[in-house]
Amino acid sequence: MNCSGCLLGIGNDTYVSCSSDECVRLLHISCANAQHLTPEQRETWICPDCRANVKRGDNSNTPARANGNITLRKKNSSAPSTNQTQTSEAENSTSLELLATEIRCLRQDMANMQSEFIKRFDALTSKLLDYDVRLNTLEEKEKENDFLKLRVTQLEDQIKKQSHHLLRSELEILGLAETPNENPYHLVLTTAKKIGVDLEERDIDYALRAGLQGREDSKDTDRLPRPLVISFTRKTKRDDFLQQAKTRRTLESTDVVGSGPQRRVYVNERLTSDTRRLFRTARLWTREHGYKYCWVRNGMVYIRKREGRDGSPPLQIRSAEDLNKLSDERIN
């Protein structure tokens, strides 16, 4: 049984047969160009000669008709198409495998990146939590420090008030010559008599020299004597003594002691170390800024620019910060 197209034997090769009732032609699948047909379509397949007869009534030009005068070379027309298909399928399969490999590599890389990202994210989260704990600790410490600073300030103010309260009945006499075996009480009573104050020994709580005592064999006559500190039993006596001393500024050391260098005697309020420093700072400030007066009354420092009808009111200076504020106001 031969193929009606190539006239070669069909044998066990796949073929199609014409479904026309009057045709018994058999053709190779490749000769009939029926590779793309489904089995159902092959069952109703009609050969080219029969189709030509249907259209034109003549099948002399059918492409599947054999010419007896032409010697046809035996060839396997299906081989190139099959090889090409197999090669294309192999290439497609290789491309798919490469694509699948790349996708797997990308997935693995993404998985590794995700794992690394999670690790770093966890590490950053841990650090942030640690920083948050440290920040909270620092904030608590800062609050505690602020509280302690406030408490220290309150205690310092309390100590200053107590120190000021303890000194409110005390005065100090400056400029009295210091002699060996002197009697401080006698010096106080003599000074009171010179300034016109009626004072008895019972009005004095204690009287003593304040500070370190110099050497008895020292010949330094220019060295200032230590201040004589007086504590009165009544504040009224203390205020009277201070007032009379301020009105009589001509008293000298020889008027009380009777010997020694001739120095002016001053009576001042007894001040704490902080108030003394503030008073010294305020005196320097008033000289630099044109203020005329700076004094202490009852342990408080005051300054005044001028006096009289056009004079300025006295200003109480509680700290050096008050002086800085006044300086800023003058600049502005």
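Here the Cβ of each residue, glycine as well, is placed from N, Cα and C on the backbone.
Automated prediction, rather than curation, is the source of TrEMBL annotations.
Among the features that TrEMBL reports, coiled coil is placed at 96-158.
Per TrEMBL, compositional bias 'Polar residues' is recorded for 59-70 (among others).
Per TrEMBL, the feature compositional bias 'Polar residues' maps to 77-93 (among others).
Taken together, the residues of the domain 'Zinc finger PHD-type' (2-51) have an average pLDDT of 78. The domain 'Zinc finger PHD-type' annotation in TrEMBL covers 2-51.
According to TrEMBL, the feature region 'Disordered' maps to 58-93.
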Three-state composition of the domain 'Zinc finger PHD-type' (2-51), taking helix and strand from DSSP: 9 helix, 8 strand, 33 coil
